[in-house]
Amino acid sequence: WRQYRQACELHLRLAPPAPGPVCNRSFDLYACWGDAVPNSTATVPCPWYLPWYHRVQGGVVARRCGPDGHWVTDDTGRPWQDNSQCEDLAQVQPLQRQAWLLEQFRLLYTVGYSLSLVALVVALLLLLLLRRLRCTRNLIHANLFVSFALRAGAILTRDALLPHGHGHGHPLQLLGMQAGPACRVAQSLAQYCVGANYAWATAEGLFLLRLLVATSGRRCLPAFLLLGWGVPVLFVVPWVVLRYLFENEGCWERNGKVAVWWVIRCPILVAVAVNFVVFVRIVRILVAKVRAHQVSRGDTRLRLARSTLTLIPLLGVHEVIFALAGEGEGGGGLRLARLCLHLLLTSAQGLVVSVLYCFTNKEVQAEVRRGWQRCRL
């Protein structure tokens with residue numbers, strides 16, 4: 001495809017200008033179009049980079065040039081185009097089914113992130129407006145909620161700016177068309193928010209571990225602020241520079257160069273590994289306290305199990321399973337099932353954390369009741 005694009009751009013640059021008004025020459029990321037006279041149908045051979053070109057090499061792609069010297073557009077505002085002679089009929093149905101599944105996955109995580117965003121905003125208002133809840137522990141919770149909310153908002157904004165495949169055309173058109181600076185800025189901010197979210201999950205785990213070991217965590221808030229909001233800059237900025245220099249295509253949503261992708265992926269995997277180690281360490285401390293009868297009253301096993309389960313979404317321990325499973329391994333059905341589960345858990349994580357650490361928190365509930373009673377009085 002790159003060779004085809006380079007040959008097309010060279011041809012368009014060297015071809016002499018046509019006399020009179022014409023529909024302009026262009027490369028639409030699928031086929032190479034020369035100048036076309038008004039009120040005519042332009043055709044070009046099927047692109048030779050198609051893997052099934054040997055089966056469609058006699059076909060053509062068609063466009064219509066209007067009487068005003070502009071390409072005729074369809075309902076989506078893009079130039080109308082007939083690619084039917086260049087399609088591989090044996091692959092059309094599987095590709096359509098996969099595109100439909102991916103669209104359902106996008107709808108799934110859009111709903112998850114939207115619910116998480118609403119719940120997180122409400123939880124943040126409660127933690128910040130109720131004065132008695134202002135302590136180091138809740139401030140760290142609030143920063144984690146902010147990181148979850150920014151992650152959800154950034155991903156939803158990025159998806160809104162990304163072109164979606166609702167119209168006609170080749171997948172390469174749908175991936176790269178209309179990708180401008182705004183989309184790339186949104187993609188960069190989304191990557192920063194994702195990194196900040198993982199960093200704040202690590203800060204939460206380290207803070208809980210410090211409380212269990214040292215029984216005090218007041219002086220660690222500045223360090224956690226630097227970890228949560230500062231460290232992601234150290235790998236997101238180099239990633240942006242490398243993408244701009246070596247892979248400045250589309251909306252930066254495709255990761256063709258593995259080395260560039262690992263600049264941003266490796267720190268996230270490190271954060272996942274640290275969170276898992278902290279999780280195991282906290283559970284071991286809780287088990288030791290139960291065995292030493294340091295946990296008072298109630299069913300200690302039930303309390304231990306409940307504490308362990310509530311730590312899983314807080315620290316993102318489920319990410320370890322997907323990190324070990326890999327991103328490109330397994331068959332098509334298994335890969336899609338893993339992707340669906342991962343998107344569901346990740347998008348709903350903010351909702352679960354806000355419910356567990358705010359809405360069902362007895363301290364928060366007591367303050368809300370007290371405030372409600374004051375309002376009634």
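Glycine residues also receive a Cβ, built from the backbone N, Cα and C atoms like all the rest.
TrEMBL does not curate its annotations; it predicts them automatically.
Among the features that TrEMBL reports, domain 'G-protein coupled receptors family 2 profile 1' is placed at 7-90. As annotated by TrEMBL, domain 'G-protein coupled receptors family 2 profile 2' applies to 105-361. Sequence annotations record features per position, and here TrEMBL assigns transmembrane segment to 107-130, 220-242, 262-283, 304-324, 336-360.
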Excluding the flanking five residues on each side, which residues at least 6 beyond the ends of the transmembrane segment (107-130) place their CB within less than 8 Å of a CB in that stretch? 138, 141-142, 145-146, 148-149, 151-153, 155-156, 159, 340, 343-344, 346-351, 354-355, 357-359, 364, 367-368, 371
Taking a Cβ cut-off under 8 Å, which residues six or more beyond the ends of the transmembrane segment (220-242) line up next to it in the same chain? 136, 139-140, 143-144, 147, 188, 191-192, 195-196, 199-200, 202-203, 206-207, 210, 260, 263-264, 266-267
Quick test of the contact rule: Cβ under 8 Å, at least six residues beyond the ends. What residues does that give for the transmembrane segment (336-360)? 101, 105, 108-113, 115-117, 119-120, 122-123, 126-127, 141, 144-145, 148-149, 151-152, 310, 313-314, 316, 318-319, 322, 325, 330
PLDDT averaged over every residue in the domain 'G-protein coupled receptors family 2 profile 1' (7-90): 88
For the domain 'G-protein coupled receptors family 2 profile 1' (7-90), what are the DSSP-based totals of helix, strand and coil residues? 17 helix, 22 strand, 45 coil
